[in-house]
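> Just dropping this structure here.
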Amino acid sequence: MNQESHAKIGHDAAQTASDGTASNASGASGASTASASAAPDRPGRRPHPGLPEPRPFPGWLYAVLFLVFDVAAVAILEVGVSLGASSRVTLSSPEVGWDFVGKMFNAREPNFVFLLNILLVGVLYLALLMIFNRFWIATPVLVAAAIVVAVIEHFKISIRYEAVLPSDLNFLKADAGNLMGFMPAGAHWVILAAVAVFAVFVAVFVALNHIDARHGRLFRGSDRQARSVDAVARLLLVLVPGLFFGLYAMQVSTVGSWAKNLATVMGDKPSMWDSVYDAQRNGPLVAFMRQVNPKVMDKPSEYSEETMQQVAQRYRKAAAKINATRSNNLTDSTVIYVLSESFSDTSRVPGLKVNKDSMPNIRSIKENTTSGLMLSSGYGGGTANLEYMGLTGLSMANFDSSLTSPYQQLVPGEHWTPTINQMWGAPKNSIGLHPYESSMYSRATNYKKFGFSHFYTLTGPDVISHQDKIDESPYVSDAATYQSTLEEVRKTKTNQFLQVITMQNHMPYHEWYKDNDFTAESTTGTPLGKDEQESIETYQKGQAITDEATADFLDQLDAIDKPVTVVFYGDHLPGIYSSASEDDDNSLALHLTDYFIWSNKASSTQGVKIDNADYSSPNFFVAQAAEHMDAKVSPYLAFLTLMHQHVSAMEPPVVNKIQGWDRIPEGQAIYLDNAGKPMAASDFDEETKQLLEDYKLIQYDITDGHNYLKDTDFLTLP
């Protein structure tokens, strides 16, 4: 080696030391001085043909590249939930997905959820860098992980129109060997494209590694002391990001936590009804982490196995007392729950005058059977929560305010999910029908978990048979849904439980119907707005069509020679009464819908009107149906019967705006007496307080506790 070569190496070494000092000062100040004196890797290596001569990258360049590849990873994840996602639900589309970047620049209402995704991916990236201590090893690992997750997201959305959820990790643990069976058609092309994209990234990484004389080594201590300092710095830079990420995941679902506040400030707006739209709108990682550790409810102080045995025994005695006066069995009849989308009486809306009755048939039905008003937790939305309460007998009022959507946050991770349809035995006796997208609120997955053998929807895998629509309406008519239901009832002589969720009267309401002669006007002196009036009048016409279809449905059930009982209820008012909703005094009126419990001629209880039915909430429907049918009860239904005798209806706090998913509104839970008057929990007598405490114990044990009641007869019918 000649003198010129020696001089060149010495110059390069000095330059490397200078650059190394600057770089390490930005990443680990404690180790920078020691690292700066280190010689470059392979000092005499010749540059790769076609590439610049290797020079150590300065710290600022690593910082820029860190941000570039962080953003690239976020973009890759977003591609996974955006491409090809627009064919199922119109809200979900690539435009929605990429809008979460553009809305940062909205002058009126800037949203920085994109930056939140960059932050969360960034802390993982930083931890990887410290673990490997090689920029050009950690970065490919990050990109590879992002591509794999994006491909999995794409496959799941293609098959089930559902984003990846924390509960999917349980599936991987239990059924990883069958993953190939879940590949959609054309999966190999997606995989090849992903491999090609990764190959491009690898080529870039290899090239950059060649021209980076440090080869991405971030800490380069040359002696024992320097290496010790480097090790401590790296350990801290693994632990701190890891701790931040872990604490964020554990707390972001809890109202009032620092993580929840951070997510809210950055613009996270949960869209719990559609996991794909949620992932597109807020970013896949943000949407996923929000469901990792939802706070369900506070653990009752007296909760224990012994306490739950005492609760079971208390209502075992109550059931025996009730059953001594009843003669029928609940499952000797077919029971049909009809959740009628947005059905409610427009004539009860404060400050509104309508020209004629839009529900004369149902009004007449209500007069001749068990019926009343149902307290709803939602206004203009929240269907799945009412549905959940009806199917489980549990109350949203008992949950923590952080739990806004049990279907999304709770049910997927539960090991035990008792629902009332399970009383009818084998899954073949439980049928669900919903003429819309099966994945909304994760229904397809949840109904399978509930024990339904079939869940008929527009998108399958079980496709609903009748899909007729009315005039310009985009939704399947209630008459068509009823026909599909009747077909299921007539298929078998076996008694069944059927859950029917209609769609005809779903928002929006844009003059769908021809020959609409319904009119509405304000009685407050302030005229209705044009959009409000159009929506109300369209809704009235749809309600009138539902009214006629429901009467015809019951007539056809009357002709069936097996006992059938129908529990019909509107889930919430439509969110169209902007004038009435401006007055907080109208809150209760805007959260009361109509319900009835009706039995056909083949039943022994047609025309029965039970006591204490003027007001209710869906968690009590199964107990009321049993009373209406003169049916014997389990200890659980005995408890619900007694609870309803003391509190007619209960829901969490409500507000006069369309259902949000950020949190349950602040305030006290609502409890109504049989006259519909609000009651304060502090004024309850001792028996009512005991019942309410028992309710919380029961609900905690089922949803978030040790399931002590599972191995008892608490939910078993006699």
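Keep in mind that glycine also has a Cβ here, set from the backbone N, Cα and C atoms.
Bear in mind that the values here come from a model prediction, so they are computed numbers and not experimental data.
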> State the residue range annotated as transmembrane segment by TrEMBL; the candidates are 131-150, 231-250.
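The listed stretch tagged transmembrane segment in TrEMBL is 231-250.
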> Please compute the mean pLDDT of the model over the domain 'Sulfatase N-terminal' (334-630).
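Taking every residue in the domain 'Sulfatase N-terminal' (334-630) and averaging pLDDT yields 95.
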> Can you name the far-off residues of the same chain, 6+ from the ends of the transmembrane segment (189-211), with a Cβ under 8 Å from a Cβ of it?
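For the transmembrane segment (189-211), the sequence-distant neighbours (Cβ-Cβ under 8 Å, at least 6 residues beyond its ends) are 47-48, 51-55, 65, 136, 139-140, 143-144, 147-148, 150-151, 154-155.
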